[in-house]
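Student: As listed in Swiss-Prot for this protein:
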- 1-24: signal peptide (SIGNAL)
- CYS35-CYS59: disulfide bond (DISULFID)
- CYS38-CYS88: disulfide bond (DISULFID)
- CYS56-CYS110: disulfide bond (DISULFID)
- CYS60-CYS112: disulfide bond (DISULFID)
- ASN80: N-linked glycosylation site (CARBOHYD)
- CYS87-CYS115: disulfide bond (DISULFID)
- ASN106: N-linked glycosylation site (CARBOHYD)
Amino acid sequence: MDYYRKYAAVILVTLSVFLHILHSFPDGEFTMQDCPECKPRENKFFSKPGAPIYQCMGCCFSRAYPTPVRSKKTMLVQKNVTSESTCCVAKSLTRVMVMGSVRVENHTECHCSTCYYHKF
């Protein structure tokens, strides 16, 4: 019986150490690894050999926080949570024609800025 208690104690200690290490990382440390930084990446659909087309792709930040009481009083429809986010957008671009008559923006530089067009 003492034999099994020792194994149970070792398992519990190992589990608690693992959970301590897991909770010591800042929030989002593991999820950010899947999300690349905001920069121009080649658009395979519009690119041709020798004439690549680049589009801004990547992640920026978003956050939500409680709406301040002073701000709530000015809202027509009061909301308890306020959110803000930035999107990966082109800082500079050139317009080019592809496939004969399709006008496409070739992004040359990207940055995180206000989101104007939200993707669903």
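Heads up, the Cβ atoms here are built off N, Cα and C, so glycines get one too.
So where do these features actually land, and what's packed around them?
Tutor: Every protein chain considered, the tally of other Cβ atoms within 10 Å of the Cβ of CYS35 (disulfide bond) stands at 11.
Shown in sequence order, CYS56, MET57, GLY58, CYS59, CYS60, CYS88, CYS110, HIS111, CYS112 are the residues of the chain, 6+ apart in sequence, with a C-beta less than 8 angstroms from the C-beta of CYS38 (disulfide bond).
Using a 10 Å Cβ-Cβ cutoff, CYS56 (disulfide bond) registers 21 neighbours.
The local packing around ASN80 (N-linked glycosylation site), expressed as other Cβ atoms within 10 Å of its Cβ over all shown chains, amounts to 7. DSSP assigns ASN80 (N-linked glycosylation site) to coil in the three-state reduction, outside any helix or strand.
Counting every protein chain shown, the Cβ of CYS87 (disulfide bond) has 19 other Cβ atoms within 10 Å.
ASN106 (N-linked glycosylation site) carries a strand DSSP state (E or B).
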Student: Give the helix, strand or coil assignment DSSP yields for CYS60 (disulfide bond).
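Tutor: It is coil.
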Student: Using Cα coordinates, what distance in whole Å links CYS115 (disulfide bond) and CYS35 (disulfide bond)?
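Tutor: So the Cα of CYS35 (disulfide bond) lies 17 Å away from that of CYS115 (disulfide bond).
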Student: How many Å lie between the Cα of ASN80 (N-linked glycosylation site) and the Cα of ASN106 (N-linked glycosylation site)?
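Tutor: That separation, Cα to Cα, works out to 40 Å.
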Student: Any idea what the Cα distance is from CYS35 (disulfide bond) over to CYS87 (disulfide bond), rounded to a whole Å?
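Tutor: Answer for this pair: 13 Å between alpha carbons.
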